[in-house]
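These come from TrEMBL:
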type: DOMAIN; residues: A:635-701; note: domain 'CBS'
type: DOMAIN; residues: A:732-790; note: domain 'CBS'
type: TRANSMEM; residues: A:103-123; note: transmembrane segment
type: TRANSMEM; residues: A:191-213; note: transmembrane segment
type: TRANSMEM; residues: A:233-254; note: transmembrane segment
type: TRANSMEM; residues: A:261-278; note: transmembrane segment
type: TRANSMEM; residues: A:290-314; note: transmembrane segment
type: TRANSMEM; residues: A:363-385; note: transmembrane segment
type: TRANSMEM; residues: A:405-424; note: transmembrane segment
type: TRANSMEM; residues: A:476-497; note: transmembrane segment
type: TRANSMEM; residues: A:509-530; note: transmembrane segment
type: TRANSMEM; residues: A:550-575; note: transmembrane segment
Amino acid sequence: MCFPLNRTETVMWISTNSYSLCLFFFCSSGSNYAMSNGGGAASSTTHLLDFLEEPIPGVGTYDDFHTIDWVREKCKDRERHRKINSKKKESAWEFTKSLYDAWSGWLVVTLTGLASGALAGLIDIAADWMNDLKEGVCLSAMWFNHEQCCWTSNETTFAERDKCPQWKSWAELILGQAEGPGSYIMNYFMYIYWALSFAFLAVCLVKVFAPYACGSGIPEIKTILSGFIIRGYLGKWTLMIKTITLVLAVASGLSLGKEGPLVHVACCCGNIFSYLFPKYSKNEAKKREVLSAASAAGVSVAFGAPIGGVLFSLEEVSYYFPLKTLWRSFFAALVAAFVLRSINPFGNSRLVLFYVEYHTPWYLFELIPFILLGVFGGLWGAFFIRANIAWCRRRKSTRFGKYPVLEVILVAAITAVVAFPNPYTRQNTSELIKELFTDCGPLESSQLCQYRSQMNGSTAYTDNPNQPAEPGLYSAMWQLCLALIFKIIMTIFTFGLKVPSGLFIPSMAIGAIAGRIVGIAMEQLAYYHHDWFLFKEWCEVGADCITPGLYAMVGAAACLGGVTRMTVSLVVIVFELTGGLEYIVPLMAAVMTSKWVGDAFGREGIYEAHIRLNGYPFLDAKEEFTHTTLARDVMRPRSSDPPLAVLTQDDLTVEELQGIINETSCNGFPVIVSKESQRLVGFALRRDITIAIENARRKQEGIMLNSRVYFTQHAPTLPADSPRPLKLRSILDMSPFTVTDHTPMEIVVDIFRKLGLRQCLVTHNGRLLGIITKKDILRHMAQMANQDPESIMFN
Amino acid sequence: IELFAIEDLTSVVLCSQTFLLMQNSEDIRCKCICPPYRDVEGQIYKQNVSLKDCTCLHVVVPMPVDGKDVEAYCLRCECKYEERSSGTIKVTIIIYLSILGLLLLYMVYLTLLEPMLKRRLFGHSQLIQNDDDVVGDQQPFANAHNVLSRSHSRPNMLNKVEHAQQRWRRQVQEQRKSVFDRHVVLS
């Protein structure tokens with residue numbers, strides 16, 4: 001049973017599971033929440049006069065860059081549901097309306113899944129094609145990329161799988177010759193030219209049409225899902241520009257991925273479709289349920305991992321995740337994955353380019369290098385977060401951030417110039433990861449599989465693995481090391497550019513390179529020292545013992561875990577990517593190690609760090625508040641501040657009210673009985689008051705500047721010649737949350753987190769003392785952690 | 001101006017892709033990869049045959065080894081049946097390039113042509129008027145105006161379009177200020 005919150009001991013009973021139950025009791029227990037706006041009907045105990053008042057248009061909406069009131073939105077939704085249910089038995093039309101209302105959630109989620117799958121297919125196909133455009137063109141069919149161009153050709157050989165006469169490189173087209181130093185320089189030049197033009201187009205489109213389309217999108221979506229409003233962030237133009245420029249950014253060869261932006265694209269689809277249904281468009285809390293499902297669909301099409309997508313939405317992105325959202329998210333993820341599969345972008349019915357399947361076993365002693373890979377992942381994650389945040393802070397605060405277009409062009413130029421000579425950085429990062437994940441077998445001919453055989457001295461690979469390395473393999477290892485260093489440095493400068501950029505693929509590439517290097521090193525160690533105890537126990541001479549592809553996979557998971565600090569969702573995503581149930585234990589060992597090592601250097605993942613950099617009002621549910629401060633240490637006004645701006649319930653005139661609103665910048669004002677008694681009546685929001693006054697001056701006659709404003713049920717007694725008084729009771733929140741000044745801050749922070757409050761009033765002996773807002777709590781937490789409390793920017 | 005509603009875009013993509021899923025005969029293939037065997041080099045064989053004919057004996061033609069070794073050779077080969085939809089790829093690329101082209105044209109128009117045209121037609125005063133933006137946050141009643149001022153509907157269609165375009169451009173300018181100038185969001 002839930003009680004009003006001025007009894008602090010009963011607050012302990014509030015838990016996330018009974019969150020909705022709590023609000024049900026609040027809204028229906030005659031506590032007189034007068035919320036006639038947005039919901040339409042009155043609550044059960046309102047009087048007839050309130051029933052006759054029409055709702056004021058615009059009351060109940062929110063300003064840009066403000067936080068929503070979760071309690072109010074949930075109450076509005078229950079009112080709407082009650083109204084529909086009570087009317088259900090009246091006629092067949094009402095019954096149909098109630099069915100439509102119940103099923104509209106599933107409809108929105110299905111449409112979102114369809115749209116996400118379709119757009120992901122478009123992005124994949126277009127990005128593949130444009131990527132290969134830097135190399136050359138397919139003369140017979142201009143819309144094919146390199147692999148598709150040589151699909152039917154019979155001139156491909158075992159050693160060179162992608163040579164065919166229909167595909168012409170730029171040097172062949174322009175100079176007429178395919179080999180030689182001149183054509184190398186021409187190819188180099190065309191590569192840089194295309195990379196720069198794609199990057200320039202991308203940043204210009206973002207700047208002119210939709211500046212919100214830049215960046216990854218996941219930090220902002222996390223903040224939006226916790227209750228923040230950013231108008232236009234999930235709109236039509238942002239969706240279109242993000243789709244188009246994501247393809248351009250990926251094709252320009254920059255060190256970025258498309259997973260984070262795909263989550264943003266999916267959430268835009270969810271937001272747009274939710275506007276078709278008034279159940280979701282008018283209620284911000286319900287809309288966020290749809291957005292949670294949409295983000296699951298986004299990750300599902302990015303990786304081909306529906307379950308991983310749902311877990312990612314649960315662990316990383318969503319703030320409140322009721323069970324109903326779990327089922328709907330799963331449905332959205334499945335629909336999106338199904339649509340993507342039927343578009344079949346890669347021609348092999350697989351969802352992701354690097355889906356590999358191997359079932360070679362791993363041995364216990366291999367846990368040591370796996371844990372070492374985990375340590376590497378954690379260290380790299382901590383280093384990357386620090387370096388990237390320092391660079392973004394410099395971009396934010398110095399003159400350097402004033403030239404975003406120039407910055408993008410410069411980074412793209414450096415990336416193209418350094419990446420072309422090394423074949424591992426020249427190719428698409430997804431293809432690189434696939435090559436690293438693939439284990440060497442008789443059918444592979446890449447440079448990583450060039451071992452010397454004992455049979456007849458040829459350089460071809462034979463049945464006998466664990467052979468000493470050929471010079472080809474040594475040069476591949478050198479190139480991989482250089483690629484690793486290059487990627488580590490460039491990703492720091494690329495994440496945060498003003499083009500859509502994701503982080504998953506570059507992190508996985510870095511981890512895969514490191515893992516493959518370790519795997520090949522272990523393999524050579526096992527060959528040259530096969531008489532060591534470890535190898536003699538488990539490895540037979542001449543048998544397949546170490547699989548470097550598995551090391552690459554574990555390394556990729558470790559690095560991704562180190563930078564984002566994901567746990568369960570990462571393991572499930574990688575497991576769904578590879579289909580290997582046997583590899584769960586090494587994956588978990590590496591991911592746990594990387595999380596522990598990363599947490600030793602700083603508790604935040606990259607997304608929380610970016611949230612803190614931008615100053616969003618995000619109250620993290622994962623951090624524990626362990627200090628012993630009380631509510632009166634945090635509340636405003638402090639002893640040096642001017643007294644709290646309050647409204648009396650029937651003393652003010654319209655002019656005085658407007659004066660109070662103009663002089664202060666508070667978002668809301670407590671309403672008290674009188675200045676002598678200071679007893680609390682309710683809480684009124686600034687936006688609602690201004691809208692109500694404007695509306696009254698327009699619609700009702702006789703409201704003048706010295707009209708009395710009253711929040712009570714009946715007008716106060718006034719002299720006969722006074723102008724008509726203005727009743728503002730309908731916008732008053734009569735059940736604001738209060739705590740006493742001796743409440744420990746741990747409990748106050750818990751209340752804010754679990755109920756999604758924006759402000760909480762502080763009373764002392766029953767009289768109003770002050771107010772605590774979410775911004776005050778965030779500043780207090782920053783102060784306690786010795787960070788800059790002035791960096792919290794928004795309400 | 002919103003050129004394409006997202007519903008239109010998605011439905012165009014989906015419809016065209018389902019329409020063009022009719023199989024082209026060139027869109028199926030059986031690919032057999034055969035590793036080196038004794039003194040025969042590694043080879044790749046491709047043929048467009050259907051799923052039931054996708055075996056080593058059908059596809060590896062001409063067979064490089066004789067009689068008894070055929071079975072051993074075929075055991076080492078791996079044959080996979082693959083299909084793709086070239087129609088889907090073609091339609092997708094054409095849709096993408098056309099949308100990109102339209103956006104580029106609109107961008108050139110907005111940044112270069114429109115200021116020139118306006119200057120020529122109306123003179124300098126109009127330009128200054130358009131750039132005068134009210135900073136919405138600091139005026140407490142500005143938002144109230146935005147909410148309640150929905151009744152200025154002029155019957156003229158062109159005026160409505162113009163009005164919508166002005167509103168969109170103001171929004172984009174606000175966004176640009178937040179992201180690029182004040183570095184308040186998305187830094």
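Just so you know, glycine gets a Cβ as well, placed from its N, Cα and C.
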### Task
Over the span of the domain 'CBS' (A:732-790), count residues by DSSP class, listing helix, strand and coil in order.
24 helix, 18 strand, 17 coil
### Task
With pairs restricted to those 6 or more apart in sequence, evaluate whether the transmembrane segment (A:509-530) and the transmembrane segment (A:290-314) have 3+ C-beta pairs under 8 Å.
no
### Task
Mark yes when the transmembrane segment (A:290-314) and the transmembrane segment (A:550-575) have three or more Cβ pairs under 8 Å (sequence separation 6 or more) and no when they do not.
yes
### Query
Taking pairs 6 or more apart in sequence, does the count of Cβ pairs under 8 Å between the transmembrane segment (A:191-213) and the transmembrane segment (A:405-424) hit 3 or more?
yes
### Task
Would you kindly list the residues that approach the transmembrane segment (A:261-278) from elsewhere in its chain, counting only those six or more residues past its ends and only Cβ-Cβ distances under 8 Å?
104, 107-108, 111-112, 115-116, 119-120, 123, 216-218, 220-221, 224, 234-236, 238-239, 242-243, 246, 286-287, 290-291, 293-295, 297-299, 301-302, 317, 336, 500-502
### Task
Among A:233-254, A:290-314, A:363-385, A:405-424, point out the range having the most Cβ pairs under 8 angstroms from the transmembrane segment (A:103-123).
A:290-314
#### Entry: Long-range neighbours of the transmembrane segment (A:290-314), counting only residues six or more past its ends (CB under 8 A)
105, 108-109, 112-113, 116-117, 120, 221, 224-225, 234, 258-259, 262-267, 269-271, 273-274, 280, 321, 325-326, 328-337, 340, 350-352, 355, 504, 566, 568-570, 572-573, 575-577
### Query
What parts of the chain pack near the transmembrane segment (A:363-385), using Cβ distances under 8 Å and only residues at least 6 beyond its ends?
488, 491-492, 507, 510-511, 514-515, 518-519, 522, 534, 537-539, 545-546, 551, 554-555, 557-565, 586, 589-602, 604-606, 609
### Task
Over the domain 'CBS' (A:635-701), work out the mean pLDDT and round it to an integer.
88
### Task
Take the domain 'CBS' (A:635-701) and count its residues per DSSP category (helix H/G/I, strand E/B, coil), listing them in that order.
24 helix, 16 strand, 27 coil
